[in-house]
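Let me begin by presenting the structure, written as C-alpha cells, before commenting on it.
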Amino acid sequence: MNQDTLHRYLFDNADVRGELVQLQDSYQQVISAQEYPAVLQVLLGELMAATSLLTATLKFSGDISVQLQGNGPVSLAVINGNNLQELRGVARWNAELADDASLTDLFGQGYMVITLTPDEGERYQGVVALDKPTLAACVEEYFNQSEQLPTGIWLFADGKQAAGMFLQILPSKEDHNPDFEHLSQLTSTIKAEELFTLDAESVLHRLYHQEEVRLFDPIDVSFKCTCSHERSAGAIKTLDQAEIEAILAEDGKIEMGCEYCHAKYIFDAIDVAALFANGQTSTTQQ
C-alpha cells in the first residue's frame, strides 16, 4: 500500500468527521537530512503527521507552518506544508538528548506556533504552550482555543513510519456530543503497529466496525523542499559587500546549504560578480 496518504472520512450516523494519515517515504526524507537523535526522529514524525492532519482541515490554498520553540536543548522543530500536502521540516538541537526525553526536557519553557498563510487573505497565527505531556495534547489545545470544537488527535512515529488520526465534531453541532465521546474512546484503542501495517480501510473497520463510515479517496502526501538557485542568490544579495569579499578571499566561493534537504548551491567570484552586475548568475548544485 502507499504509505504516504491522507484519508478523510465521515460517520453517516454521527455528526463527526475524521482523518487518518500514514507516512513513510516523506518522513524518511525529512529525518535523513541530518543525523537526528532518536527522540527527534519520533518528534518530527509526530509533527509531520500533525501538520498533515491540520492541513487537511484548511479551506483555502496556501501554506501552513507548525513550529515548536523553547529555551531547552532543542531550540526549534518545524514542519512547513501547503494545501497540496507537500511537507518539509527540520529541527535544531545543541545537546545530547535522551531517547525518553519529554517535551519539557526538549524545549524547556516551550510553545507551539501554528501559522496559516492563505494565497489570498490575511495570515492567521495561533500560539499554545508546550505544557502538555504529549504533542497530540498540545495540538488538541490549539483546536480548543482556535476553533472551540471538541477535537481528538492521535500521533505515532518510530523512526521508520509516522501516522496520525483526527476526530472533530462538525461545525454548528452541539459541543456536548455523546457520539463524539464514544468515537473518541474507540479511536483511543488504536495501536501504532496497526497504523503502520494496515491500510486505511482496514484500520477504520477495526476501530469502527459497528459504525457507518464513509471513506473518501486518498490524498497523496509528499516531501517537497522549496530551496532553489534563485533563493540562494537572493540571500547572498542581502549580505554586506565586505562580508562577501572576505568569504571569497578565504574560500574562493560562497556555499549556500539548505537545512531541509541538504542541497548545496555554490557561487564562485564570477557568479557573485554577475549576480550584482545584472541580477543573474550561473550556479552549481551539488
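In case you wondered, yes, glycine gets a Cβ from its N, Cα and C as well.
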Whichever of CYS138, CYS225 is disulfide-bonded to CYS227 when Swiss-Prot is consulted: CYS225
Integer Cα-Cα distance in angstrom, CYS227 (disulfide bond) to CYS261 (disulfide bond): 8
Cβ packing number for CYS258 (disulfide bond), 10 Å threshold: 19
Protein Cβ atoms within 10 Å of CYS225 (disulfide bond), excluding its own: 19
